[in-house]
Amino acid sequence: MLRHKEPYLSFYRILGYCPHRIELYQQAVTHRSAVASDENGRKINNERLEFLGDAVFTLVTADILYHAFPEKREGFLSSSRSRIIQRETLNRIALEIGLNKLVRADIQITSHNNYIYGNAFEALIGAIYLDCGFKQCRRFIAERIFARYIDLEQITQTDINFKSKLVEWGQRHRVNIDWKLENSTLDSNNNPVFTVRAIAGHIEGKAATGYSKKEAQQKASQYILKQLHQDKDFLRAILYDESHKKDSVEKKEENKNGRE
């Protein structure tokens, strides 16, 4: 009897109510690597629920932001929504509500693939939507997620576009900024993984990996910005390299003009 109740209790602690269709919630925490099947013997995983939950969570997030900031323009609302629905935020929420303890996966979950938790959170939203409808789903997101785990003021004031920051730094110091794709591979689940380095002048920063080129470029930009602020020798090397390069160009021009 207790074993029968345990799945309901586990989800109740997260949801605040007892699920009606427990199988939806169990499917929501089942990664595709896990060997799981339904009562008809068909393999199941949380990918379809994740697809649905992603759309529902994005919609509710947009609705909450729209009403929370009536004076803000579309650009502000769009960037704020992106910060909330980004993978890092969803992973953090999944950990804070304890969803990671319920995830079923037959692979080792590390910091490199902990997006599995964020995916499970989206799948959970999909399960709530199918089990209880949109109204209950919105209430869960607003009252048990936003009210407890999302600081709207902090998120809307936080600039996380490290790539833009690096470009601005380069413009201020007249240093050319670029990004180099070093490698593109597949992880154990056949997900693409990109390795990128940011380049300031001719000096490369630390390599960064991501599940998209954009994510890897953001991380690489963050790494080199941090190094620019913390390592004076690294900063001097970049500025000296650019200054030396400009001097060489000027001397070549002078020699060319002198010969003419």
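Keep in mind that glycine also has a Cβ here, set from the backbone N, Cα and C atoms.
From a predicted model like this one, the values you see are computed outputs, not experimental measurements.
Positions annotated as active site by TrEMBL: Asp54 (among others). In the three-state DSSP scheme, Asp54 (active site) is classed as helix. Its Cβ taken as reference, Asp54 (active site) is surrounded by 19 other Cβ atoms within 10 Å in the chains shown.
According to TrEMBL, the feature active site maps to Glu122 (among others). Spatially close to Glu122 (active site) yet at least six residues away along the chain are Leu49, Glu50, Gly53, Asp54, Phe57, Leu90, judged by Cβ distances under 8 angstroms.
The feature Mg(2+) binding site is assigned by TrEMBL to Glu50, Asn119, Glu122.
The domain 'RNase III' annotation in TrEMBL covers 8-133.
Here the domain 'DRBM' (161-230) has, by DSSP, the following mix of helix, strand and coil residues: 30 helix, 24 strand, 16 coil. Feature annotation from TrEMBL assigns domain 'DRBM' to 161-230.
Following the DSSP three-state reduction, the secondary structure of Glu122 (active site) is helix.
Secondary structure by DSSP for the domain 'RNase III' (8-133): 80 helix, 4 strand, 42 coil. Taking the centre of the Cβ atoms of Glu50, Asn119, Glu122 as the Mg(2+) site, the nearby residues of that chain (Cβ within 8 Å, site residues left out) are Asn46, Glu47, Leu49, Phe51, Gly53, Asp54, Leu90, Gly118, Ala120, Phe121, Ala123, Gly126. Long-range C-beta contacts of Asn119 (Mg(2+) binding site), restricted to its own chain and to partners at least six residues apart, with a cutoff below 8 Å, comprise His31, Asn46, Glu50, Leu90. Within the model, the domain 'DRBM' (161-230) shows a mean pLDDT value of 90, rounded to a whole number.
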